[in-house]
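I have placed the structure first, in the form of structure tokens, so that the comments after it can refer back to it.
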Amino acid sequence: MWDQKWVIGNWKMNGRLQNNNSLMHRFRILPTAERVLIGLAAPTVYLLQLHNAMQIVLNNRILTCAQDVSRFPDNGAYTGEVSAEMLADTGTDIVLIGHSERSLYFGEKNEIQRRKMENVLNVGLIPLLCVGESLEEREAGKEHEVIAHQLSILQGLDTKNIAVAYEPVWAIGTGKVATVEQIADMHAFIYKEILSLCGSDVKIRVLYGGSVKADNAADIFAVPYVDGALVGGASLSYDSFTAIISAAQNA
């Protein structure tokens, strides 16, 4: 896992039962990709459907991922919340933490994200922390400062396995992609920060996210310190998603 390329698809608020089943059945002919860890992050209501399909149809070749988790560690009067323990019950393996859309629409910042990280680790799941700067922050030359602040929640966590997705906010769903030089700079910086915060013996995966598609995936995977991709809209298409997986396998 920690020496593979990761390709994680984030469906966001998309999917229907019948459409999900159709996509899962297409994945039965998924090309061989031993060098790639593949995951799909579905809306919470479809996680059990996804997990069952992974077991029955795909022999666990694709991991089940959740898009979010509650900040509250225990069961209780938190209407609408889903705990890390509940996600574990659905067969979830990886949980996205801190996606920019959570910050944008729900005001989630470092303190909440740290609590979510701890909750996920406490039940044995893998958190995938999302970080990224806005266009205004990049134009002001503050991208390193912003990312360092977001990564600071990793300090002191009880884990030696760290997964981060770098998603420049200005490239999410916009069709814009950071240049190879920008991606290389930020991924090298993120590696350096993680080693500083968590120690030299930590295992690291740093994914790139931000309009990753079949036609640019190979170039992105060739960038130093890019360990995979967090894929948005392209993960809803079998052809696009498998093309990205193949690019990772061949990187």
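Glycine residues also receive a Cβ, built from the backbone N, Cα and C atoms like all the rest.
Feature annotations, reproduced from Swiss-Prot:
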type     : residues                              : note
ACT_SITE : H99                                   : active site, electrophile
ACT_SITE : E167                                  : active site, proton acceptor
BINDING  : N10, W11, K12, G173, S211, G232, G233 : substrate binding site
Q.
Through the lens of DSSP with three states only, how would you label G233 (substrate binding site)?
A. helix
Q: Would you give the longest CA-CA distance, in whole angstrom, between residues of N10, W11, K12, G173, S211, G232, G233, the set recorded as binding substrate?
A: 14
Q: May I ask which residues of the same chain, at least 6 positions away in sequence, place their Cβ under 8 angstroms from the Cβ of H99 (active site, electrophile)?
A: N10, Q67, D68, C130, E167
Q: Could you say whether, by DSSP, W11 (substrate binding site) belongs to a helix, a strand or a coil region?
A: coil
Q.
Neighbour count first, Cβ atoms within 10 Å, every protein chain included; then name which of G173, G233 tops the list of binding-site residues.
A. G233
**Q.** substrate site, defined by N10, W11, K12, G173, S211, G232, G233: further same-chain residues with Cβ within 8 Å of the Cβ centre
**A.** I172, V231, A234, S235, L236
Q: Take the Cβ of N10 (substrate binding site) and count every other Cβ within 10 Å, whichever protein chain it belongs to.
A: 27
